[in-house]
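Notes follow the structure.
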Amino acid sequence: MKAVLGLEDGTVIRGTGFGAEGTACGELVFTTQFTGYEEALTDPSYKGQILMFTYPLIGNYGVSGERFQSDNIHAEGLVVREACKKPYHYKSTRSIHQFLEDEGKPGIEGVDTRMLTIGARERGTMRAALITGSDDGEEAVKVARNFPQITDEELIARVTCKEPHFIPGAECAWKGSGKPKHAVVVDLGIKRNIINNLHKRGIDLTLVPATTKPKEIAGFEPDLLFISNGPGDPEKATDAINAVKAFAGTIPVAGICFGHQIISLAMGARTYKLKFGHRGGNQPVKDLIENKIFISSQNHGYAVDADSLEGTGLYVKYLNANDKTVEGVSHKDLDIFSVQFHPEAQAGPMDTEETFFGKVVKVLGGDL
């Protein structure tokens, strides 16, 4: 099947199509992850983006569904050097070709992904159109240029839950005194493994839609407000920002990735868009308090402006060892903390899982 990838700067790349026949539009972003394509494709944070892997062979262990981070593929399309046609793993039920076809998502292979990655690093993230069943480069570029920027879309509405629902904590897992604590999780496109990490520590969870007002959240009587990961521009998540403002100082507040940016905005800081983002499982992060380096899994295109933290009560706890961007903050006086990286991994290293989720348990009065 013919396929073409067109970028807004006029770049045209032809290759071989796989998955579904059709057109995908979005920002072209790259990840340096070697494995974890099941997790990445089903991560709601990739909504509105065409995902490209720098690693040359993707799909070699097939698709099992055990590691999905949501029920469906959220990336708009997939760009790879080679998509494995005959995967092997004892749990695999289908190939990545079949997976994309089943989900109605197009893919393109036979592409020089390293060249495209270098271009993204030099020129920044660009809009793109991936068309399968055609090799009309002029049309692909036209579609890419006419597609609205990701910051103009309300992507959160497409991935948040539609109504509140309760998830009891794992039985007998709570190590603190008294009954298990209750966290309200503002779902902006939450990954399944974040839920799993809170659940297995015995914390009762109520997931609420992104548009839930502070008064409604208060009705659930939470012991903790948790802000999830999600897609797009954090400044668009106004209801979540207002929720943090309402509960900061009254109960503990924590967040991951998109949630980290929202917490920082709510406290008075600023965010900005990175040139090409951080995506992959090999991002080095420094803990400025413990003076330690660890490797983290990341997926974000925005960051918190370190200079804007002055006067907010927040301080930088974690810093990216590559480009010195903010990777996590804590409040000087309140139980408010967040990280830009993904301590729950899936996929990626789990160096910081216990550090982050252990702190969640601790601020709720539990035992580590």
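Cβ coordinates come from backbone N, Cα and C, glycine included.
Taking Cβ-Cβ distances under 8 Å and a sequence gap of 6 or more within the same chain, the neighbours of C257 (active site, nucleophile) are S45, S228, N229, G230, Q298, N299, H300, V339, Q340, F341, H342. Among the features that Swiss-Prot reports, active site, nucleophile is placed at C257.
Residues annotated as active site in Swiss-Prot: H342 (among others). DSSP assigns H342 (active site) to a strand in the three-state reduction. Around the Cβ of H342 (active site), a 10 Å sphere holds 30 further Cβ atoms from the protein chains shown.
A simple way to gauge crowding: the CB of E344 (active site) has 24 other CB atoms within 10 angstroms, across all the protein chains here. Among the features that Swiss-Prot reports, active site is placed at E344 (among others), with the record citing sequence analysis.
Swiss-Prot lists S45, G230, G232, F258, Q261, N299, G301, Y302 with the feature L-glutamine binding site, giving sequence analysis as the kind of evidence. Around the Cβ of G232 (L-glutamine binding site), 26 further Cβ atoms fall within 10 Å across all displayed protein chains.
Look at Swiss-Prot and you will find 182-368 tagged as domain 'Glutamine amidotransferase type-1'.
According to Swiss-Prot, the feature region 'CPSase' maps to 1-178, an assignment based on sequence analysis. Regional average pLDDT for the region 'CPSase' (1-178) in the model is 94.
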Can you tell which of the binding-site residues (G230, G301) has the fewest other C-beta atoms within 10 angstroms of its C-beta? G301
Return the residues near Y302 (L-glutamine binding site) by Cβ distance under 8 Å, restricted to its own chain and a separation of at least 6 in sequence. D233, P234, Q261, T271, Y272, K273, L274
Rounded Cα separation (Å) that holds between G232 (L-glutamine binding site) and E344 (active site): 20
